[in-house]
Amino acid sequence: MASNRVVTRAAGRRDLSRPGSSGRKRRSGPPGLTPPGPTARASKGVFLFVCCSVIIIPLISVIATSLADEKQINASGGFVLWPSHPTLQAYTTVFENPVVLHSAFVSICITLVGTTLSLACTSLLAYSLSRPGTLAHKPVLLMVLFTLLFSPGIIPSYLMVKELGLLNSYWALLLPVMLDGFNVIVMRAFFLELPQEILDAARVDGAGELQTFWRIVLPLSKPVLAVVGLFSAVGYWNNFFTALLYISDTTKWPLQLVLNTYVVKQNSLNLKFIPGHAPPPPESIQMAILVIAIVPILVAYPFIQRHFKKGVLVGSVKG
Amino acid sequence: MGTLTASPRPATGGGRKQALKSRLRRDWPLLAFGLPGLLLLVLFQYIPLLGNVIAFKDYQPYIGILQSPWVGLSNFSVVFNGDPAFLNALVNTLEIFVIQTIFVFPAPICLALLLNSLLSERIKQAVQSVLYLPHFLSWVVVVAMFQSILGGAGLLNNWMRSQGEHPLNIIGNPELFKWLITSQVIWKDTGWAMILFLAALSAINISLYEAAAVDGASRLRQIWHITLPGIKGVVILLLILRLGSVLSVGFEQIVLQQGPVGINASQVLDTYVYTNGVLDGAWGVATAVGLVKGVLGVVLVLGANKVAHLFGERGVYEG
């Protein structure tokens, strides 16, 4: 493996010395044949390393601080890069607090229910728009496209939710963001590219629309369902805006609002401390709440990453 | 499309107009499929869009939108008479837009150029996965992380204090606010915005570079004459789309951080609408401002698209 790489690198260097000869054979590499000098390469490397560190280091230190003990936090000025004596005390304290625990539960439920319903609505609408000649599919498609250009504005949306009696209800977190016109367009584009012969064959065999959709279209559409579903899940998990607008009842807060109050605004939580133990330092408690909000994203990220490039590109080309 | 004629579902394009009744009988499952999505679209997009009429009314919550008296354009007087609070929000919005267009917009282009010139495909992939990550964190998380590093009790200031220097007031400094939020946007979304440019770069024909190299063009000249023209279309498209959101600069991000810096430095049009409408109940005025904002955004996109056509570019849509 290693020797293989050396060979390719040597081959690469050879063709760099003879510009124009075999550049096309190189599969990776710069779209240019003049080789970058060693200084250019080094400076590129350093620059990209700095870019990546700027992203990675804060994340690591958030996690490390949440695990660190008071002595280390005080010694390092509130910010730890590697916990010397890792302890889960901050987490046990946070999880004993009903506010954080409940809000995390609310966020998980909203994300699961929201993503499921959102995928259902979006795929059903997209499918009905993708069948040729359906009654009224043109005006409906126009209606979807129109929403990409205009958005109704904060106040009328707020009043609508209020008129529906959804203020302070979990439905207010679910419904307003459930259908995104852009996702409908992306899915419709995908459905249109499915081989129509299969759908026709299913119909000849006597399958109804629902059966065709469920047994044939959805199984063939896993990639696009994954992309739209994961984006929708991230959206629900991270949603702060609709919660801020529609949920004033603190007992119904999702995690992002709790995060805002106790970490960004630095209000102190009412915590139950274990008698006989020193309470965990406030920094590690705040960072522990932050970690709770980040971990699902970090866990889902590898799965998202496999799909999202395709999803974004499909969307940008077809939309 | 050729297969459709053979399908048991005749397409409308086939010229066989059926009676509405029989089409209804044929299409009702598909219509039912689209119904939930359509309902959401109507409830949370179209009715609120109509709800913008309260910009022309003296909206009183207890008698409802329809019964509230018409007041003509008097809600727009803050806009036309240049109410100081409104002007302040407008100026802040435009300033932030200009700063972000200068600093945020070119960043992903430069990064994409740099990444595209890397030799190793593996390093490229690794760097990309790191750079995309912050896009999936919520604004609350990003703001909390910035605070834990730059805030009054954060890493930087603790370090300054330990060095015997005065702590820097970065989070609460009104003069630095616009730069603070700009750097946050760069941190969060530069990597993500890069995807489209990378796609455009990979679509450029390699043989152009080979030809240029044979003609003795340096790397910089290759970038200037081949790479940049190659991604011009995407750049113009994104600039136009950006213009549409000129009056909406990061609501969530700004609302989260208004506390320490105060309204004067941080109020933008979106937060103006939120504070005046949802918080203070000046529904009519807030809606009027939101409406002006929305209409201007659409006009700007359509206008910029026209200009792009005049210069022979494709723009967002044809026609």
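Including glycine, each Cβ sits where the backbone N, Cα and C put it.
Per TrEMBL, the feature domain 'ABC transmembrane type-1' maps to A:104-304. For A:1-38, the entry in TrEMBL reads region 'Disordered'. Per TrEMBL, transmembrane segment is recorded for A:46-68, A:104-127, A:139-159, A:171-191, A:224-247, A:285-304.
Counting Cβ pairs under 8 Å that are 6 or more residues apart, the transmembrane segment (A:46-68) and the transmembrane segment (A:139-159) reach fewer than 3 and are not in contact.
Long-range contacts of the transmembrane segment (A:104-127) within the same chain, counting only residues at least 6 positions beyond its ends with a Cβ under 8 Å from a Cβ of the stretch, are 140, 144, 170, 173-174, 177-180, 183-185, 187-188, 190-191, 213, 217-218, 221, 225, 228-229, 232-233, 236-237, 239, 252-256, 292, 296. Beyond the transmembrane segment (A:224-247), the same-chain residues lying 6 or more positions past its ends with a Cβ under 8 Å from any Cβ of the stretch are 107, 110-111, 114-115, 118-119, 122-123, 154, 157-158, 161, 166-168, 172-173, 176-177, 180, 183, 186-187, 190, 218, 253-257, 260, 296-297, 300, 303-304, 307-308, 310-311, 314.
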